Amino acid sequence: MKQTFTSARRPLEILIHIISWGIMFGFPFFFVERGNGNINWMAYIRHFAVPLSFMIVFYVNYFFLVPRYLFQNQSKRYIVYNIILLCIIGILLHLWQSLTFDPSFENKPRRPGMPPGWLFFLRDMLSLVFTIGLSAAIRMSARWTQNEAARKEAERNRTEAELKNLRNQLNPHFLLNTLNNIYALIAFDSDKAQQAVQELSKLLRYVLYDNQQTYVPLCKEVDFIRNYIELMRIRLSANVQMSTQFDIRPNCQTLIAPLIFISLIENAFKHGISPTEASFIHIHISENDQEVICEIRNSNFPKEVWDKSGSGVGLEQVSRRLEILYPGAYTWSKGTSRDGKCYESKLSIKIKE
């Protein structure tokens, strides 16, 4: 990414440099005297040395002094070498102006209010100091931009790696829970267990393939949830009241993170069903123009202290994925009712545009 970013900027940078220096070297044309409308080329060559000195100072700093000393926290050496550079350029400018001096100017009267020559020299030296600062600022700005692009790329790669790791953890976690349910069916109803295996094959296709994408159409996610619920219905007894409601537009193309709701639904089946007492699970998934909402209400049967099955890994992964994929764009409320008999979970996710 850093190489691509730098390559994309290079032609623009070169063009800006060419235009800037073209303007700088064009300035002397406006200051040289013209005799009979013709340019005094000797005078232009004399003035030509000033923008040339700016260019030398700029690129010596840009390509050598700034990266070698300023970027290496050797500011003292950087200052010393620039002072030496200014002295050399100042001497060369003075020699050049002496060599190209037009003797006829000595006999011309000085215009009223015209400053002495040393002030022009001081002006040029101060301009060179400004050029040094400008060169350092541009080079440091370019370095910061490249470093920022590299940092964002590294952060993106880290986030993608973490999401991939979370998805890879979720797959076996989901599969293990489902296989445990099928294993429980085998003990008392082999026909239902066979049906459950068939339903599981539908789920696995989605988990193994679509789950590798960052976002999937909401309608596909809802189809997966429907298949999962049908699988779980197989083992439900008559004392469980199960209801589902999906308010989703046909062929809805709203994008959502895959398996983002499944751990909530798993949790409802795990802790909302009792083999002996009346139980209920109500699942409602809806969408509007702004958000997707998953609401789950189920009877609450907390695990016994001795029951170590499940460790909340699925819900922890959901929380982490939400932080990565929907920072500041989701709300998740969950908890038991006042009497402790009902557990409610509501997850709202703002739709990405």
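Cβ coordinates are placed from backbone N, Cα and C, and glycine is handled just like the others.
Annotation source TrEMBL lists coiled coil at 142-169.
Per TrEMBL, domain 'Signal transduction histidine kinase internal region' is recorded for 161-238.
TrEMBL lists 12-32 (among others) with the feature transmembrane segment.
Taken from TrEMBL, the feature transmembrane segment applies to 44-66 (among others).
Residues or ranges marked as transmembrane segment by TrEMBL: 78-97 (among others).
The transmembrane segment annotation in TrEMBL covers 117-138 (among others).
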Long-range CB partners for the transmembrane segment (78-97) (under 8 A, at least six residues beyond its ends), listed in sequence order, are 46, 49-50, 53, 56-57, 60-61, 65-66, 69-70, 121, 124-125, 128-129, 132
Here the mean pLDDT of the domain 'Signal transduction histidine kinase internal region' (161-238) is 73
